[in-house]
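**Student:** This is the structure I have questions about; it appears just below.
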Amino acid sequence: MKALYPGSFDPLTLGHLDLIERGASLVDELVVAVLQNPGKSPAFSLEQRLRQITASTEHLGNVSVISFDGLTVACAKEQGTRLILRGLRAMSDFEYELQIAHTNRSLAPEFETVFLTTSAHYSFLSSSVVKEVARFGGAVDHMVPRVVAEDLARFFNSAFAPPSR
């Protein structure tokens with residue numbers, strides 16, 4: 001069985017990685033699909049996010065990383081799967097994700113969404129929280145893979161570096 005795990009992953013967190021690892025243990029193949037959303041202004045380019053996820057999942061032989069734009073169900077169809085994997089941290093996530101799952105089923109009734117709850121020690125994590133902590137110089141190495149922590153340090157150091165003379 002093959003599943004699709006879509007998201008913007010800006011940036012990838014250890015919570016995302018935990019879901020990828022756990023999801024990969026449940027299916028024959030897991031496709032991590034990185035959304036290119038023109039309505040958002042990500043901290044990291046699509047290429048950077050693809051590189052971060054690929055580097056962070058290289059130990060998983062059944063995980064591939066792709067990019068997509070448009071509808072998740074269209075991407076899943078292109079990948080030859082009807083199974084979409086999503087993570088839940090709290091009830092507020094469930095309400096949002098349930099709405100998206102119902103929308104996906106209205107577009108393609110053959111699709112199923114499987115929800116995995118996050119591991120308790122990652123339940124506080126979100127990409128937004130990570131960026132906020134990094135923006136103010138806080139340590140994020142316990143929140144993100146090493147490659148992401150390094151990229152965040154470069155991003156925020158360059159964003160706040162004084163102009164050269």
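Note that the numbers count up from 1, one per residue, in the order the chain is shown.
The backbone N, Cα and C atoms fix where each Cβ goes, and this holds for glycine too.
Copying in the features that Swiss-Prot gives for the protein in this structure:
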BINDING   Ser8, Lys40, Thr72, Arg86  substrate binding site
BINDING   Ser8, Phe9, His16, Gly87, Leu88, Arg89, Glu97, Tyr122, Ser123, Phe124, Leu125, Ser126, Ser127, Ser128  ATP binding site
SITE      His16  site 'Transition state stabilizer'
**Student:** What same-chain residues, at least 6 away in sequence, bring their CB to under 8 Å of the CB of Leu88 (ATP binding site)?
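**Tutor:** Residues satisfying the criterion: Phe94, Glu97, Phe115, Leu116, Thr117, Thr118.
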**Student:** Measure from the CA atom of Ser8 (substrate binding site) to the CA atom of Ser127 (ATP binding site) and give the result in Å, rounded to a whole number.
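**Tutor:** Rounded to a whole number, the Cα-Cα distance is 9 Å.
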**Student:** Compare all C-alpha positions of Ser8, Phe9, His16, Gly87, Leu88, Arg89, Glu97, Tyr122, Ser123, Phe124, Leu125, Ser126, Ser127, Ser128, the record's ATP binders, and send over the largest distance in angstrom.
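**Tutor:** Looking at Ser8, Phe9, His16, Gly87, Leu88, Arg89, Glu97, Tyr122, Ser123, Phe124, Leu125, Ser126, Ser127, Ser128 as a set, their Cα atoms extend up to 18 Å apart.
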**Student:** Sort His16 (ATP binding site) into helix, strand or coil using the DSSP assignment.
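**Tutor:** The three-state answer is helix.
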**Student:** Using C-alpha positions only, work out which of the binding-site residues Ser8, Lys40, Thr72 is nearest to Ser123 (ATP binding site).
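**Tutor:** Considering only the listed binding-site residues, the nearest one is Ser8.
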**Student:** Among all the protein chains here, how many other CB atoms are within 10 A of the CB of Thr72 (substrate binding site)?
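**Tutor:** Total other Cβ atoms inside 10 Å, all chains included: 22.
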**Student:** Please report the number of other Cβ atoms within 10 Å of the Cβ of Ser123 (ATP binding site).
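**Tutor:** Around the Cβ of Ser123 (ATP binding site), 14 other Cβ atoms lie within 10 Å.
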**Student:** Near Arg86 (substrate binding site), which residues of its chain come within a Cβ-Cβ distance under 8 Å, counting only those 6 or more away in sequence?
**Tutor:** Tyr5, Glu97, Ile100, Ala101, Thr113, Val114, Phe115, Leu116
**Student:** Around Ser8 (substrate binding site), which residues of its chain at least 6 apart sit with Cβ under 8 Å of its Cβ?
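**Tutor:** In sequence order, the residues whose Cβ lies under 8 Å from that of Ser8 (substrate binding site) (at least 6 apart) are Val34, Leu35, Asn37, Lys40, Pro42, Arg49, Ser127.
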**Student:** Based on Cβ atoms within 10 Å, give me the single least packed residue among the binding-site residues His16, Lys40.
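**Tutor:** Minimum Cβ neighbour count within 10 Å, taken over the binding-site residues His16, Lys40, occurs at Lys40.
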**Student:** Taking each of the binding-site residues Glu97, Leu125, Ser127 in turn and counting other Cβ atoms within 10 Å of its Cβ, which one has the fewest?
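**Tutor:** Per-residue Cβ counts within 10 Å for the binding-site residues Glu97, Leu125, Ser127 bottom out at Glu97.
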**Student:** Could you state the whole-number distance in Å separating the C-alpha atoms of His16 (ATP binding site) and Thr72 (substrate binding site)?
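**Tutor:** His16 (ATP binding site) to Thr72 (substrate binding site), Cα-Cα distance: 17 Å.
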